[in-house]
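Asker: Relevant sequence annotations retrieved from TrEMBL are reproduced here:
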TRANSMEM  61-81  transmembrane segment
TRANSMEM  93-114  transmembrane segment
TRANSMEM  134-155  transmembrane segment
TRANSMEM  167-187  transmembrane segment
TRANSMEM  207-231  transmembrane segment
TRANSMEM  243-265  transmembrane segment
TRANSMEM  285-307  transmembrane segment
Amino acid sequence: PDAHRSHSQSPGILESKNSLDLLEILGNLSYDDSNLTFLDYDAAPCHNQYCPLFQRVAPTFLAITCAAAALGTGALLVALAKRPHAWGWPQSRALVAQLAVGTGFFAALLPPVAAGIWQGWRLGAGLCRLTHLLWHWSLFAQGLLVGSGSCSTAWCRWDPRSRRLAVAVWAGALLLATPAAFTSGTVAAPEISCIRRSVDIRSPAYLLHLALCLCLFLLLPAALLVATLAVPRLRASWEPGVGVRWLFFGLWVPYGVGLAVDFLLHARLLQPTCGTFEHFDYVLGLSEGLGVLHCCLGPAALLAAGLR
């Protein structure tokens, strides 16, 4: 979750990139004395106060999530070392270990993001892009790991075959995450902030990034679900412990839907209403916050499944 200050005459209000683009769509905006953005839309003022709330709540949420993720990931790695045979296909030790690395990698990025939200981004545009690159690298790697673990026995043991697959997964995830670096940047306002999208909604880089995110968060879990139901071998392997790996997709699917709706609004394929203006940022922010919880809930669920 990212935000930046608007370029309006009201420096006291913090506006997200989504809010700015919705403002442009709705048009005819002004600011009252209480720093509340409003639009006379069907004679009813439209107020969007998401970003001030986000700036107050997000750092604490990210800090607590990071601490819980560190504890859960650490406990999972200790259990993997002390009980190497507790996990078997399709929830193998090699796969669980890499998922733990992925969630730990993701959680390690939360402190700088929280600090950036709280005090403004002071690390420069280059590190802003690097942060988004690593953030999405972790997400794509975990998605590909869950996908490959759901339909392949390659993770049954750590041998040359599984090592080659691991290299391919992590290298492929880095390649898929690269467009995120080109679509992010910093915005100079009263305080510099790091934002997710600093390019036009129709730019090739953003369209590619959006397409890859939708494939990860929506198309991949849908395809895996269909394959699991259609293939007897995969269906037979479905047991309560296996479902914990699907927690990743369950937590991120709402955000994928939010990204799709966000694009439709920015591209003016959907007509925003006053209610959309007031509430969509909350929906998108909450869905991303739900996805972020995977870094603490995932290790805990995997640990519970392995120790059952």
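Yeah, the Cβs are placed from backbone N, Cα and C, and that goes for glycine too.
Curation plays no part in TrEMBL annotations; they are all automatic predictions.
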Asker: Quick check: do the transmembrane segment (243-265) and the transmembrane segment (61-81) share at least 3 Cβ pairs under 8 Å, counting only pairs 6+ apart in sequence?
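Answerer: No, the transmembrane segment (243-265) and the transmembrane segment (61-81) are not in contact.
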Asker: In terms of Cβ proximity under 8 Å, which residues at least six beyond the ends of the transmembrane segment (285-307) contact it?
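Answerer: Same-chain residues near the transmembrane segment (285-307) but 6 or more away: 1, 16, 50, 54, 58, 61-62, 65-66, 68-69, 72-73, 75-76, 79-80, 83, 86-87, 91, 96, 99-100, 103-104, 106-107, 110, 142, 240-241, 244-245, 247-248, 251-252, 254-255, 257-258.
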Asker: Below 8 angstroms Cβ to Cβ, which residues of this chain, lying six or more residues outside the transmembrane segment (207-231), approach it?
Answerer: 136, 139-140, 143, 146-147, 150-151, 176, 179-180, 182-183, 238, 246, 249, 252-253, 255-257, 259-260, 263
